[in-house]
Amino acid sequence: MRVAVAGCCHGELDKIYETLALAERRGPGPVDLLLCCGDFQAVRNEADLRCMAVPPKYRHMQTFYRYYSGEKKAPVLTLFIGGNHEASNHLQELPYGGWVAPNIYYLGLAGVVKYRGVRIGGISGIFKSHDYRKGHFECPPYNSSTIRSIYHVRNIEVYKLKQLKQPIDIFLSHDWPRSIYHYGNKKQLLKTKSFFRQEVENNTLGSPAASELLEHLKPTYWFSAHLHVKFAALMQHQAKDKGQTARATKFLALDKCLPHRDFLQILEIEHDPSAPDYLEYDIEWLTILRATDDLINVTGRLWNMPENNGLHARWDYSATEEGMKEVLEKLNHDLKVPCNFSVTAACYDPSKPQTQMQLIHRINPQTTEFCAQLGIIDINVRLQKSKEEHHVCGEYEEQDDVESNDSGEDQSEYNTDTSALSSINPDEIMLDEEEDEDSIVSAHSGMNTPSVEPSDQASEFSASFSDVRILPGSMIVSSDDTVDSTIDREGKPGGTVESGNGEDLTKVPLKRLSDEHEPEQRKKIKRRNQAIYAAVDDDDDDAA
């Protein structure tokens, strides 16, 4: 089947779907599935905008609300994970995944689903070592700390994913697995993004948690975004046992959705022709969710996952045949993901802006139904009970030094904290942190939300997106992608990209939809939303 992969979406749903439509007209057939690697920005209304970790003047409604309201419908089944610029209050309603709009499905904090027999997993957020061992304690209204910590990856999600034993076909993460740059054209990457050099040389660029998952899961494909550059790599894994076939992972990171940027790629993925063409739950993953329900922590206290160190009665939560049988019986042997989307919040109305809309910590009926079927407790229900008991959400958020559960280990598993680039990125505009702090929503006051008007010309294909490349039928990492190569005029590899039939797609001329001419030097395209993703907090790793 034909699968499209998008990098950082940044709310540009219309542009992405329009680009897909153009690619379909030029290509061999329709796209069956769209995968988005974070910064999706499922913003329904003005309150959601205030929960996105960017300065107020760079918050824009974009066009997702039209898909949420039913005014528009996604033309292709769309799956996405969360990044570090999201409507966090919206995604928090769906910790185990769910529909954010008809035909648009969020994978949750971490999740695994199946589509046409293809097993797709993902983890939302970015890595930060000081939040990694905390629970999911954040809830609206967020403060200056929780508006950022809510999208930081937690060890419980990594732990659950590491219980998987069956092969994964595709895995999504927002930030890159650490060290993946050593398996691709590193020289080309550093010529394109020279400010990565220090992190690459120190081997601190990317997420160590994602790297741990890559080593454990060994998926056929791994897609990421976050660093705003296209990069391919081929990682050959070592076989654990003699006689066992060594597996390999094809890694691809994509750019953000801007004109003349490599933000979209189409691949041919092998699938099971006899498998249903609707989204299915994954039985192994559901069994793991059920088994690990008692491990959920909704405080900010540090918490170590069970391990075989003599301190835990149980440390293996992988799915058993008996456990999977029980889950199947609970679901009446029906693994189809129900199309049970419902509107849970007021939708943005351009004619009636509501800049003082109240923030509410909602319980989503999709999550309630899912938890009832599986026999687990909604994280948000636990949070609300905790809030009632302590009169404040996230009471323990500053207690990083609290003794962790049943473990003598006080230090984080990882001694670095650089999921994203810590160098200054000249591709972005640095924003004043003091201004950023002013953006945080107070629990006791409403805040005006500037710039909530939708994007201009939302229904038209922008001329600035006219430089659309013919997309390859499949991703094959050629030898030129994993060795040093010359750089062309836009800092892109001089190597080849092959289609499924071996054709060199770099030789296909670029086709344009307007009379504009390609300049000798790359234009600086100033768009209303391109600067918002440069917001750097005091730890310098939430920039991308």
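Cβ atoms here come from the backbone N, Cα and C positions, even for glycine.
Swiss-Prot lists region 'Lariat recognition loop' for one of the ranges 124-154, 310-340, namely 124-154. Of the residues HIS216, HIS228, HIS237, HIS260, Swiss-Prot places HIS228 in the same divalent metal cation 1 site as CYS8, HIS10.
Record check, Swiss-Prot: divalent metal cation 2 site residues include ASN84, HIS174, HIS226, and the candidate from ASP32, ASP39, ASP272, ASP277 also listed there is ASP39. A simple Cβ count within 10 Å picks out one of the recorded positions HIS10, LYS128, HIS174, HIS226, HIS228 as the most packed, and that one is HIS174. Confidence annotation: the region 'Lariat recognition loop' (124-154) carries a mean pLDDT of 97 in the model.
Spatially, by CA atoms, the recorded positions CYS8, HIS10, LYS128 include one closest to HIS226 (divalent metal cation 2 binding site), and that is CYS8. Neighbours of ASN84 (divalent metal cation 2 binding site), defined as other CB atoms within 10 A of its CB across all chains, total 31. If you measure from the Cα atom of HIS174 (divalent metal cation 2 binding site) to that of CYS8 (divalent metal cation 1 binding site), you get 8 Å. Each residue contributes its Cα atom, and for HIS228 (divalent metal cation 1 binding site) and ASN84 (divalent metal cation 2 binding site) these two points are 13 Å apart.
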